[in-house]
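Before I ask anything, let me first share the structure, which is written out below as structure tokens.
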Ligand SMILES: *Cc1c(COP(=O)(O)O)cnc(C)c1O
């Protein structure tokens, strides 16, 4: 459910008509709904009640500091994967003890940054990383709280580019070797073992792979305790999928996911952490774009819009589907026709949809890409020197630009010509 609905024939973000934002900001732009972000966060905390828990929003899905503040103010933790994301979470007012640090390639500088600013736990993904972290922390007179991210070797049955829990993926420590690496960790001067972590992939539309992974984590936790480790927390990762089309079979609900967590690991007395990204931010955002031209082609017409693959890369990168809707609601019974929806970038891959049925549209009309709040703006680039797409946040009847479109001067001034040239 989201808060982007037609009212009197015009698409709104909460109580704000989309054309009103377009008139102020220009197109293309992302717009996020505060109410939808809050609703999705609450679904997760309610699903985990009464287990002690912390819902750590996966910052990589949408890292705008204003978005992070919406969630942080509700008590959310943050899952970060870089020093930059750590600084964003801090800038949003999230205390270090609610930030977990994931990722296979944390540098010593990033470790130092997080230890200085405060951190809930590092999710460590390899032995070399563990040794480096111990050295850095011990050098600062600290012990770094850690979970080891284990790779449970389960098939998440999702797109291969976002599956992370198979043995051939780069992520985590093979679960069969976990006890050995925990023993190593426990003996290191700069490490404090406190948790087990798993994350098997993204956009999962089936609970079965989660169940397999969490049962393995439960067994491992019992074994680690028998080995003498203190395991206070379980970080169960993110990955619950969202419906990208209205017609799609519905992915599992947070409540069903919560029930699964209680069933598989609820008896261990651990505090539960989860790291949802897409399910909180995905359907909380639209990408709004203007039609530049309608171009007649052979056997098809092209809808050339002013958003492109550099603004929303998911269709060209993952073959992902986004529903595209006109901002002005078509009249009941209006005929739809197939369009290839494309952007202005000079690549054939700059195609959002093929033969998509849309009502008659003309230059200057607005369209909205749904479910664009996750892995949208964060993956945007300035390819073709297209200014980085701006972001807007709506709450009730007001809106604010939360990242402005850069001017061409700003873009050009980032390049420098060496003196000797
Ligand atoms: C990407 C990622 C997430 C979030 O995944 P979603 O599918 O957006 O919920 C959580 N944890 C880790 C470690 C990740 O890499």
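Using N, Cα and C of the backbone, Cβ positions are placed for all residues, glycine too.
TrEMBL annotations: computationally assigned, not manually curated.
Okay, so TrEMBL annotates it like this:
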type	residues	note
ACT_SITE	346	active site, proton donor
BINDING	239, 275, 276, 277, 278, 375	pyridoxal 5'-phosphate binding site
BINDING	278, 314, 318, 347, 375	substrate binding site
DOMAIN	29-373	domain 'Orn/DAP/Arg decarboxylase 2 C-terminal'
DOMAIN	35-281	domain 'Orn/DAP/Arg decarboxylase 2 N-terminal'
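Could you tell me the structural context for the features on the list?
Its Cβ taken as reference, residue 346 (active site, proton donor) is surrounded by 9 other Cβ atoms within 10 Å in the chains shown.
The DSSP secondary structure for residue 275 (pyridoxal 5'-phosphate binding site) is coil.
The DSSP secondary structure for residue 318 (substrate binding site) is helix.
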Out of 278, 314, which has the highest number of nearby Cβ atoms, where nearby means within 10 Å of its Cβ, if these are the binding-site residues?
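By the 10 Å Cβ neighbour count, 278 comes out on top.
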Out of 275, 276, 278, 347, 375, which binding-site residues lie by ligand 1, with a C-beta less than 6 Å from some atom of it?
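275, 276, 278, by Cβ distance under 6 Å.
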In whole Å, could you give the widest CA to CA gap in the substrate site formed by 278, 314, 318, 347, 375?
27
Fewest other C-beta atoms within 10 angstroms of its own C-beta: which of the binding-site residues 318, 375 fits that?
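Among the binding-site residues 318, 375, the lowest count of other Cβ atoms within 10 Å belongs to 318.
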For pyridoxal 5'-phosphate, with binders 239, 275, 276, 277, 278, 375, what's the maximum Cα separation in whole Å?
15
Given the recorded positions 239, 275, 276, 277, 278, 346, tell me which ones have a C-alpha lying within 10 Å of the C-alpha of residue 318 (substrate binding site).
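So the list reads none.
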Nearest of the binding-site residues to residue 346 (active site, proton donor) by CA-CA distance, picking from 239, 314, 375?
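The answer is 314.
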